[in-house]
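Participant: The structure is given below, and queries will be raised subsequently.
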Amino acid sequence: MTIAVLGAGAFGTALAVALARNGDAVGLWARDAGHAAAMQATRRNDRRLPGAELPQNVTVSAEIADFLAASTILLAVPMQRLDAFLHDHAGALDGRMLVACCKGIDLASGRGPVAIIAAACPKATPAILTGPSFAADIARGLPTALTLACADPRAGEALQAELSTPVLRLYRTEDTAGAELGGALKNVIAIAAGVVSGAGLGDSARAALMTRGFAEMSRLAFALGARPETLAGLSGFGDLVLTCTSAQSRNFRFGQALGAGEPFDTTTTVEGAATAEAASVVAGRMAIDIPITRMVAALVGGHVSVPQAVEALLSRPLKKE
Ligand SMILES: NC(=O)C1=CN([C@@H]2O[C@H](COP(=O)(O)OP(=O)(O)OC[C@H]3O[C@@H](n4cnc5c(N)ncnc54)[C@H](O)[C@@H]3O)[C@@H](O)[C@H]2O)C=CC1
Ligand SMILES: O=C(CO)COP(=O)(O)O
């Protein structure tokens, strides 16, 4: 086995399917033994990615030890679970090529996935795979382009070659901060875009929100060392556009429910919710103004109502663009 995907959610499963179609022997780890057994038997992941067939060269298991021979390991667990997951399995994972496939900022530490990996597994080579891509699209084999960020240029080139397929195009950068911050912060703006949609504020308001959202994403990311071209690329602007304009996005749909005052399934992964709060804390420490993100955090925390949030954003002092 050359590639192991740890985490059998929608994204991990879709990546396993895409890489297996490319001819690689792929291992897919699920934390729940029953779920792993069901996937191995049905050759589908009905729980997280219904409709996608697992190619025969995908091996599913709940035993992490089954995947230790893999040369590349993709980490597709939710952001707020990544730190604990790595600490639980550091013995098996340290020293390996570890590619984060999650988007967000860890609430407890204020760190992104690459720094979380570096702290938990200091001998590993960390990288991140991020960008505009719905799991269902990847699993269907639709054309997709992503950013692969790795500070080590040779490792980055090797990963780009290994993880690209004819329909999954990876663009490479050494700017891990830019790639992970773009992916993390766009989910927060997508929640806000969903609120605009759910509250019936119109497409013009959404365009304004996305543009000002991109401005504050950039402000925070640059202060944390990101490069402008990364923010303007697939992992930043590209994913912002996708997530703010598609009802396939869970962050967008969560925002729509908030905006419309409707309930939302609490078991759904909505990375932007915790990241809004984490980003607000990080930005607050650095005295960086990210008003939309702070308002999303306040809305998610139940500290303001939608009309109050809209009023607060619209009554900010007029300033230069
Ligand atoms: N679904 C999508 O279209 C895309 C998702 N992503 C990112 O992928 C990451 C994972 O999201 P999805 O796969 O969509 O989530 P999901 O909700 O489909 O699945 C989450 C998976 O994580 C597992 N999990 C939960 N807690 C865990 C723990 N403590 N240890 C190990 N595994 C645990 C669950 O069992 C489940 O299989 C997120 O950061 C998301 O932003 C990125 C691009 C596309
Ligand atoms: O990150 C994604 C698309 O690039 C998936 O978005 P959601 O997590 O909002 O569904």
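First residue shown is number 1, and so on along the chain.
The backbone N, Cα and C atoms fix where each Cβ goes, and this holds for glycine too.
Okay, so TrEMBL annotates it like this:
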ACT_SITE  Lys186  active site, proton acceptor
BINDING   Phe11, Arg31, Lys103, Ala135, Arg250, Val270, Glu271  NADPH binding site
BINDING   Lys103, Gly131, Ser133, Lys186, Asp239, Ser249, Arg250, Asn251  sn-glycerol 3-phosphate binding site
DOMAIN    3-154  domain 'Glycerol-3-phosphate dehydrogenase NAD-dependent N-terminal'
DOMAIN    175-310  domain 'Glycerol-3-phosphate dehydrogenase NAD-dependent C-terminal'
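Locate each feature and note its surroundings.
Facilitator: Packing around Lys186 (active site, proton acceptor) is summarised by its Cβ count: 33 other Cβ atoms lie within 10 angstroms of its Cβ, all protein chains included.
Other Cβ atoms within 10 Å of the Cβ of Glu271 (NADPH binding site), summed over all protein chains shown, number 24.
Neighbour list (Gly131 (sn-glycerol 3-phosphate binding site), Cβ cut-off 8 Å, at least 6 residues apart, same chain): Thr144, Ala145, Leu146, Thr147, Tyr171, Gly183, Leu234, Ser235, Gly238, Asp239.
Per-residue pLDDT, averaged across the domain 'Glycerol-3-phosphate dehydrogenase NAD-dependent C-terminal' (175-310), gives 98.
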Participant: Taking ligand 1 as the reference and 6 angstroms as the Cβ limit (strictly under), which binding-site residues among Arg31, Gly131, Ser133, Asn251 are close?
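Facilitator: From Arg31, Gly131, Ser133, Asn251, counting a Cβ under 6 Å from ligand 1 as near, the near ones are Arg31, Ser133.
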Participant: Restricting the comparison to the recorded positions Phe11, Arg31, Lys186, which residue's C-alpha is spatially nearest the C-alpha of Ser133 (sn-glycerol 3-phosphate binding site)?
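Facilitator: Closest recorded candidate to Ser133 (sn-glycerol 3-phosphate binding site) by Cα: Phe11.
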Participant: Got a sec? Which of these binding-site residues, Arg31, Lys103, Arg250, has the most Cβ atoms within 10 Å?
Facilitator: Lys103
Participant: Quick check for the class: what is the C-alpha distance, in angstrom and rounded, between Arg31 (NADPH binding site) and Asn251 (sn-glycerol 3-phosphate binding site)?
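Facilitator: On Cα coordinates alone, these residues lie 24 Å apart.
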